[in-house]
Amino acid sequence: MASQLTDAFARKFYYLRLSVTDVCNFRCTYCLPDGYKPAGVTNKGFLSLDEIRRVTRAFANLGTEKVRLTGGEPSLRRDFCDIIAAVRENPSIRQIAVTTNGYRLARDVAQWREAGLTAVNVSVDSLDARQFHAITGQDKFRQVMAGIDAAFDAGFEKVKVNTVLMRDVNHHQLDTFLNWIQSRPIQLRFIELMETGEGSDLFRKHHISGATIRDELLKRGWIHQLRSRADGPAQVFCHPDYQGEIGLIMPYEKDFCASCNRLRVSSVGKLHLCLFGDGGVDLRDLLAEEGQQAALMARIETALLGKKQTHFLHQGNTGITQNLSYIGG
């Protein structure tokens, strides 16, 4: 095995976020308010199953322990179960997760688990069915809730729920969310709204710091937990009276990037060193044949030397990220 992926700032990278499509059937206000429009797809289309197999093998050989399958909506891929199984072929990858809008969970989550999936994140921005419809453009609230129940029934001990925190939309609904997770092993993660190229007006209107939630949690006796090395950037809080947990993801917080441990590969095979970085390094020409593994690994290692110490969101620089479906958030 090659040496562990490490950048110029001694950060080690154990975590790959792999987008398998940028197509999504929801129209979330903060991501694709006008619905999906094909943009970044080349004539080759999205990564094939064999290309996914090769890129994940290269990352596994470079020390990756966790792969998250993202989109768009990854479950729109008809071969999604095969994708999970292909990633599972790497014994050093201990965690295989998916981030999903949840609309296919009730139908398919048991099959995903059987294929090798170890963790599920579901996007739910409101626990009010009408507001959920207004945010997502889809009247699927009950279907998504049934999907979360199905994930528990399939044997997942914990489900993570991602909630984009928005001023005057859901920031004042903390009590509703806390009641929901009191008797459920759900880690509810409030994610600060991030500015994207297409979403700057929305950002100015609805951004609110996660610190408002953190202050309220601490006031109510919630306890800040320590992070493990393959964890994401969430600050996680627990409470003895609650089965669930609260996570806060605050990209505008000081030193947010100091604990960065993930790299991203887009659905067309570009390596992105940062969600809000410029450009991307094309890996696709090295995904055609089995004999290209050494060259592929070398390109990944070389590219990592160019990773910057921090994003530049504070200066309003969102890089190439026009919307979050492009790289997979």
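Backbone N, Cα and C atoms are what each Cβ position is placed from, and that goes for glycine too.
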Message: Starting from the GTP binding annotation in Swiss-Prot that includes Arg17, Arg68, Lys160, Arg262, Leu263, Arg264, which of Thr99, Thr136, Thr176 is the extra site residue?
response: Thr99
Conformational class of Arg17 (GTP binding site) under the three-state DSSP mapping: strand
- prompt: What three-state secondary structure does DSSP assign to Ser123 (S-adenosyl-L-methionine binding site)?
  reply: strand
- prompt: Are any of Cys31, Gly72, Ser123, Met194, Cys274 (the binding-site residues) within 10 Å of Lys160 (GTP binding site) when you go C-alpha to C-alpha, and if so which?
  reply: Ser123
Query: Of all the binding-site residues given, namely Thr99, Cys260, Arg262, Leu263, which is spatially nearest to Tyr30 (S-adenosyl-L-methionine binding site) at the Cα level?
result: Thr99
Task: Tell me, roughly as an integer, the mean pLDDT over the domain 'Radical SAM core' (8-234).
output: 93
- request: Using DSSP reduced to three states, classify Cys257 ([4Fe-4S] cluster 2 binding site) as helix, strand or coil.
  value: helix
